[in-house]
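S.K.: First the structure, which I've put down as structure tokens, then a few questions once you've had a look.
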Amino acid sequence: MLFLHHHEQNIVENDEFVRKLEHLLKKKFSLQQLGKKKWLLNREMKYSNFFPIEFMNDKEFVLNHVKKYGYGFNFATKQLKQDKDFVLKIVQHNGLELEFASEDIRNDPEVVLAAVTQQARALRYASHMLRNDKELILEAARQNGDILWFRSGIDRDILLAAVKQNGVLLQFVQLTDFKYDREIIFEAIKQNKKALRWAPKDLIQDHNFMLKVLKLIIPEFTTVHCFDFSKEEIMAKLVQDCGFLLEFSTDTLKSNRDIVLTAVRNDGRSLQFASDELKSDKSIVLNAVRNDAMSLRFASDDLKNDKEIAFAAVSKNGNALQWVSEELKGDKELVLAAITSGKYAFAIEFASTTLQKDREVVLAAIKQNGCALMYADESTKNNQEIVLEAIKQRQSDSYFTILHKHVGIWKYVSKNLLSDKTFLLEVIKLGCTKIVEDIEFISASLQLNTLGYRDICCDKDIMMKAVKSNGCALRHASEELQRDSGLVMEALQCNGFAFEYSDELYQTRMEYCYHGAYLHVTK
């Protein structure tokens, strides 16, 4: 009986153990499912300052981030930066990411050619040897002529290849000793009629040269035997594609309404060559500013004071506000239209002094670019609401833009406000999740109160608070604190920030943040 009793008790205990085990397994599975969902959501996010360690070595994630947002390769692991095939895929979407590839990769002709084909400026990140490799540069010029702007030295073969790919690059040729090279000029014009704008003026005034140009760009004139800027039939055709040629026509044609109207529709700035009478013609000026808002500068004073024309100009380019009359610079509706027409926050510079004090106008500007605060009236730089809005504006910027704008904003905030504890608390309340790198703000404000940047960087308690709010703040710690295991772990747990990838840190992060969910990623 005793044996049976013990046996039954063991069965009960085993059943209870199994039930507990099942409960734990179900709980773990449930948590892992939540972890997987969280991981998938985080994997779709846009990251401005770093990649969490769980994505640093994830090829698919890194490539997709570059595809969607145009940046992020600098946040990837060294391993990925040394992977030629992977870097090739990256630079095909943004050649400038070549900057972050390993030294060996930046010396690889295939990768460099792919990068500069996508973005000519990438040439500056190629190795010194490849930047001076004529054959590579020549092939690159055939793919992307803009490479001319980013290489040192002048070579005729490369110039010719570049204008054949993009005729507008004749503007670069005009900075060289080959500006009178007719083969280069004609090849450029053949590729793009607009290239004629950058031919030397004395050549344009050469009737024999222009006769060849005429036959090149207007086939119906192939039988013409002479060229003359005074011929209405010829000029009427030419200004359809090359409005700037109005400059070389006769005074009679500069007063010809049909020819001038055709010219400004092609090139708004050709308005400057029209007769004074036509510069006062509302229809012509409207057509000019609709083509190029900045052509407003060439309109008559009366039309610079015309609200319809002013609106047409600033709606296309807010900076055209500088050319409206002084009276209209004080028109709030017009100034707001200029500021909000696009990325023209700095158009507030051209508003009247009264409107530079106006709360609505200033807020409209700084909501687009916090640094527009520099053009606002001094009184607004002491306004807590306005300054806080300027700080908030930079939330969505990338890391490098943030650093630039951040310095700019504090430069224009009043010292009284930066010394106001209530204001400082309001800024801190915004939190690191909204104001990335707020440790910089703290250091800026503390410096005004004689506490140096070094003090805050070396203070573990302050850095611990900062890192718990945003792991990325660890970047601003002293070298000693950057190696502190406690701070490193807090940064990792906060938002996955780590200076370098390691499998150990990756596993720690996956356990802490995603409950140990197993997720296959492309490595």
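Glycine is no exception: its Cβ is also placed from the backbone N, Cα and C atoms.
Bear in mind that TrEMBL entries carry predicted annotations, made automatically and left uncurated.
Below, the features straight out of TrEMBL:
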type	residues	note
DOMAIN	49-81	domain 'DUF4116'
DOMAIN	83-131	domain 'DUF4116'
DOMAIN	155-203	domain 'DUF4116'
DOMAIN	256-304	domain 'DUF4116'
DOMAIN	306-356	domain 'DUF4116'
DOMAIN	358-394	domain 'DUF4116'
DOMAIN	459-504	domain 'DUF4116'
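Burial and contacts for the listed features, if you can.
M.R.: Across the domain 'DUF4116' (83-131), mean pLDDT in this model comes to 98.
Taking DSSP states H, G and I as helix and E and B as strand, the domain 'DUF4116' (155-203) has 36 helix, 0 strand, 13 coil.
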S.K.: What counts of helix, strand and coil residues does DSSP assign across the domain 'DUF4116' (358-394)?
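M.R.: Within the domain 'DUF4116' (358-394) the tally stands at 30 helix, 0 strand, 7 coil.
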S.K.: How many helix, strand and coil residues does the domain 'DUF4116' (459-504) contain under DSSP?
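M.R.: Each residue of the domain 'DUF4116' (459-504) counted once, the result is 33 helix, 0 strand, 13 coil.
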S.K.: Across the domain 'DUF4116' (306-356), what are the DSSP residue counts per state (helix, strand, coil)?
M.R.: 36 helix, 0 strand, 15 coil
